[in-house]
Amino acid sequence: MALPQSKYTNIESGNSRGFEQICHPILPKNVKPLRYDLTLEPNFETFKFEGEVKIDLEVKEDSNQITVNSLEIDIHSVEAAGQRANTIEFDEDKQTALFTFENKFAKGTEIALDIKFTGTLNDNMAGFYRSSYEHEGQTKYLATTQMEPTDCRRAFPSFDEPALKAIFDVTLISDKGLTALSNMDVKEVRELGTDKKATVFNSTPLMSTYLIAFIVGDLRYVENNDFRIPIRTYATPGLEKDGQYAADLTAKTLSFLEEKFDIQYPLPKLDNVAIADFSAGAMENWGLVTYRIVDLLFDEKNSNLNTKQRVTEVVQHELSHQWFGNLVTMDWWEGLWLNEGFATWTSWYACNAFYPDWKVWEQYVTDSLQHALALDALRASHPIEVPVKRADEINQIFDAISYSKGSSLLKMISRWLGEEIFVKGVSNYLKKHQFGNTKTSDLWESLSEASGKNVVEVMDVWTKKIGFPVIKVTEDASTNTISVKQNRYLTTGDVRPEEDETIYPVFLGLKTQTGTDESVVLNAREATLQLEDLKFFKLNADQSGIYRTSYSPDRWVKLGHAGVDGLLSVEDRAGLVADAGALAVSGYQSTLSLLNLVHGWKTESNFVVWDEILTRVSTIKAAWIFEDQNILDSLNAFTRALVSEKTHSLGWEFKESDSFLEQRLKSVLYGSALNAKDEVVIKSALESFDNYIKGDKESVNPNLRASIFGAVARRGNQSDYEEILKIYKNPLSNDEKITALRTLGRFENAQLIERTLGYLFDGTIRAQDIYIPLQGLRTHKAGIEATWGWVQKNWDEITRRLPPGLSMLGSVVTISTSGFTSESKAKEIEQFFASKSTKGFDQGLAQSLDTVRSKASWVVRDHKNIYSWLKEHDF
Ligand code: BES
Ligand code: ZN
């Protein structure tokens, strides 16, 4: 999912069969596209492109009309079977063009539709668009595409729906010196006069329009030839040297995926391309995968481990799509999770196989699983399978539900069926439907066949219903029994009976001293389980189920001890912290259970568990950010008591011999100590920075960079700001550039905040990066207030520059509103948007308001508790 956005409505989808008839209503079914012959010529002076597309159609019904998708394209002529269209009618809302002809086309015949047109190489990162970069002191352009989900219609008139697969023959006309790329390899290059050429590509297999891609520009590449077909990483001149890691990883990953799913990658080449202006993180175009620079290029020396893991994840995610999405495609966007959930699951699966020492499945619990639970705990969440029709609705479901709840569901099923049977079933599913389209039920069918289990019955609820449950556990020591009861979980803690009707099939995963019982599924509201004794037990073994568990205060204390005694896995420990944290926010439990738990786990040595502990403590700080400074100081003292000693003893040198996880642990502890105002660490951080700007480039380790820059922003001198800005403009690496940009937002001085906000639209910051300084501003009070003020004051300009089709608008709204913590601010935000169109971000806004309100009631509810606990413990 591209950016921190998230959406759609909370209408439950109900019976998806009923919905199928109404879900692709946009294009009529009277003709079916078979083959496109497309020629395009971008012009870098006028920022226009000339195009012609000939589409072979099968006529399904007698009719004299043809409707195609077309958006912001100037159509010059339309001909079909020798007739010129009499009229062309555009429907802007439906994004279609209707061509009417004199005579009817006869059912059963094949006709050719020929359209000549001019389009715009726009700067909105959608359709066929332009991206700029600097080379030898000059601004240069390249032309590239981003079609998913519904922008192929901006590049050429097309039947732009995922089920309308066809064969594509692409020809690109360009200057001789430029590189032209598309999904397929080059068939021939024809000279056109003295300076132009036509690059003709081989025919694609049957594929969907949203996966078409073409690029024209001055591109360089590095290559890997270890795999059956050539693998390249392309970038603009000078950047290609950082592409080797991705090229090598691509070769290994394709071979891994071929073997696991027992299906060959069907294309003759695979290119990865870094693009300077890119709306998402990356895009899986078949054979021509495009990326944001930071998500593809990797400079081992000057980048940190987060970046390495992120690049690995993104590359493996997009390569997984070559099977999940490209070879087998959802039949409509309602099935988006089949693409994104699978690509997410498979990227973790592949990463785990390649880097077992990273232990990524442990990290999954604090990463994807928490993202899924966080979003799905909002009233304004949506079911995994949700009816969507319009472009602005489709755009909003590229969120943590499709990606993270989707992948968590797959993880849950894989644990239930066993990984080998799961992978086998998935392989059968891919083979059965290759080059075709599927619904979720097709997946369940293949998994049922492979496992002999009734997968549909269990899984339907999870994809068709919104939300997930909290399991409340009560104990009866006299009988050694526990009772479990499920209810819908909401962060706001105010679930209404009509929102709590779903019974989720819950895999209880009961861990006791004698082992784990994976067989118990709670298929009812309540159940009672007989245990041998109540000394030790925990539900949701290894946190593989999608739910939260609420225990009695006593049990939390016992689980705290069990963690220290080694009875719990890393996933269990991280999951308990996450559950305690979430249940505190929503009021299902007091925040004291969380504080006691983490207070007892000071001796913890695992990175993932620490990461979750520190995240949850930060969540408290963020909710109390507008409260009395005393309590924030006490929370800092509490944090120092957790981390200072440990970070002082581990130190902040990074040795070759440190494992990946030791290095990550060092950096997360260091960052927390800095944030919590540990004087020793602050002094060292500021010294490192001062040496760094004097020219000692080794003095800021890339793994500590974000924390050190943050400390500098808190020091907050004008000269510090200038230095960070200089780094942004002239960085050592791409990840340093992004860190510097985020840091600009962390300066708290009012004038510096104004300067940062001023850079958003004056050309200093690319549109793709606008959310990054806003993330920095969101970390402090003055920044939260100022950003919201800026949004209100500049709303018209913001909507002009960030059209609602672009997910960036949603991100700006979410980031600029979700930092608040009071009911009065929630009202103010509501009032501001009451008179505005919220098209394209209505869900993000609703989710943000939910978040603000949950913090507001948390603060009211637990303020006294936390205050006395901190006092009692001398913080
Ligand atoms: N298919 C998406 C790209 C996309 C996102 C297209 C939103 C249209 C709208 C791609 O596979 C993707 O999911 N990219 C992620 C990276 C991934 C590692 C989660 C992204 O863009 O962040
Ligand atoms: Zn994806």
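Numbers here mean position along the shown chain, with the first residue as 1.
Each residue, glycine too, has its Cβ placed from N, Cα and C.
When the candidates GLU300, GLU334, GLU340 are compared with the Zn(2+) site entry in TrEMBL, which names HIS317, HIS321, the shared residue is GLU340. The Cβ of HIS317 (Zn(2+) binding site) lies under 8 Å from the Cβ of ALA282, GLU284, ALA343, THR344, THR346, SER347, each of which sits 6+ residues away along the same chain.
The average pLDDT computed over the domain 'ERAP1-like C-terminal' (536-853) stands at 96. Each residue contributes its Cα atom, and for TYR403 (site 'Transition state stabilizer') and GLU340 (Zn(2+) binding site) those atoms are 5 Å apart. Highlighted here are the recorded positions (GLU318, GLU340, TYR403) whose C-beta falls below 6 Å from ligand 2: GLU340, in sequence order. What surrounds the Zn(2+) site, by Cβ distance within 8 Å of the Cβ centroid and not counting HIS317, HIS321, GLU340, is the set GLU284, GLU318, SER320, PHE324, GLY325, ASN339, PHE342, ALA343, THR344, THR346, SER347, TYR403 from the same chain. In sequence order, GLU284, ASN339, ALA343 are the residues near HIS321 (Zn(2+) binding site), counting only same-chain partners six or more apart with C-beta under 8 A.
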